[in-house]
Amino acid sequence: MTTSTTLPAPAGSSAPHRHGRTSRTARPSAQLPGFRLSPRAQRIASSVATHSFAIVLAVMFMAPIVFVVLTAFMSDQQALTGAWWPTSWHAENFAAVFDKAPMLRYYLNSLVYSLLATLGMLLSSVPVAYALARLRWKGRNLSFVLTVVAMLLPPQVVAVPLYILWARLDMTGTLWPLIVPYFVGDAFSIFLLRQFFLTIPESYSEAARLDGLSELGILRRVILPMAKPGVAAAALFTFMYTWNDYFGPLLYTGENPQSWTLSLGLASFRGVHQVQWNLTMAATLLAMIPVVAIFFVAQKTFVEGISFSGVKG
C-alpha cells in the first residue's frame, strides 16, 4: 500500500480552497510618485480658476466700453493714432456733439418711441399672457404655438408688406409705424409673461374667484402684484430693444430726418464725421447712458424676472 506524501506549498502560494477554488492573496499595489491636494487646497484652486475665468470675461466685455469712454475725451488728432489713454482730456467734445447734430431731437424721438412702445406692450401683452397661462379655453395651445412661431419669425420677412400697409395709410416718415404694433401685442413679451404667470400657484386665483373677483380683477389685484419682476423684465427688454432699434427707424423714418431716433442719427453722424472719432464716441456714450442707468436701477427686479420665467409647460 503506497502512502502519499503532501509537500508543503511554496511561499507566496495559496492553499487549496473548498470546492476546488483558490484564494488570492491581496498584494499591496504600487503607488506612483506624486501628491494629492487637500480638500482646502482644492477649494482654493477651484475658486482661483473660476474667478480668473470671470475676470477674463469681464475684461473682454468691458474693453469696448472703456475704449469708447476714453476715445470720447481725446482730441481729433489723438483719436486717429490708436492710442488708448488720452494725453489731454477734452470734455468739450460732448458739447460739440450737440452743435454738430440735433441730438436733443434724436433723444426726444427715441424717448417717445421707447416709452410709448413699452406702454403699448404692457397694455396688450399682459392680458394675452394671462389668458394663455391661467384661463382654459378651446384653442389655447394652438394660440401659444402661433405666438412662439411669431416670436421666431425674423422682422425682415414681413418688412415689405408692412411698409406697403403703412405707406397706404400715409404714416411713413413718422414714428407711428414703430409704436402702433406694440399696442396689438408683442410675441416675445407674451411668451415671457406667460411663463412667469405659470409660476404663480393656482390657489391664489381660486381663492380670489371664491371671493367674487372677475378674471380682470384677479389679474389686476392678485396676479400683477405678484408678477412685478416678470412685468419689469418684459418692460425693460422692450425699452432696450426699441431704444437700440435701427432697422425699424431706418425703414419707416429714413426719408424724414425730423423723426430720426438716436440709433439712426448716430449712423448718419458717423457718415458725416468719418474722421472725428472722438465726437462719434462721445455721441455713442451719450446714447448709452439712459439704458445703462435704467438697467442698474432695475437690475435686481430684472434678474428676478428672468430667473422665475423659466420654460414651464
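Placement of Cβ uses the backbone N, Cα and C atoms for every residue, glycine included.
Annotations in TrEMBL come from automatic prediction, not curation.
Copied from TrEMBL, the annotated features are:
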- 107-298: domain 'ABC transmembrane type-1' (DOMAIN)
- 1-32: region 'Disordered' (REGION)
- 53-74: transmembrane segment (TRANSMEM)
- 111-132: transmembrane segment (TRANSMEM)
- 144-166: transmembrane segment (TRANSMEM)
- 178-201: transmembrane segment (TRANSMEM)
- 222-243: transmembrane segment (TRANSMEM)
- 277-298: transmembrane segment (TRANSMEM)
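Note on the transmembrane segment (178-201): residues 112-113, 116-118, 120-121, 123-126, 128-130, 132-134, 144, 147-148, 150-151, 223, 226-227, 229-231, 233-234, 237-238, 242, 245, 248-249, 252-253, 305, 308-313 of its chain, located 6 or more positions outside it, place their CB under 8 angstroms from a CB of the stretch. For the transmembrane segment (111-132), the list of distant contacts is 140, 143-144, 147, 175, 178-180, 182-186, 189-194, 196-197, 215, 219, 223-224, 231, 234-235, 238-239, 242-243, 245, 249, 261: same-chain residues at least six beyond its ends, Cβ to Cβ under 8 Å. If you look at the transmembrane segment (222-243), the same-chain residues 6 or more away from its ends with a CB under 8 A from one of its CBs are 110, 113-115, 117-118, 121-122, 125-126, 130, 134, 178, 182, 186, 188-189, 192-193, 195-197, 200, 204-205, 208, 213, 262-263, 290-291, 294-295, 298, 301-302, 304-306, 308-309.
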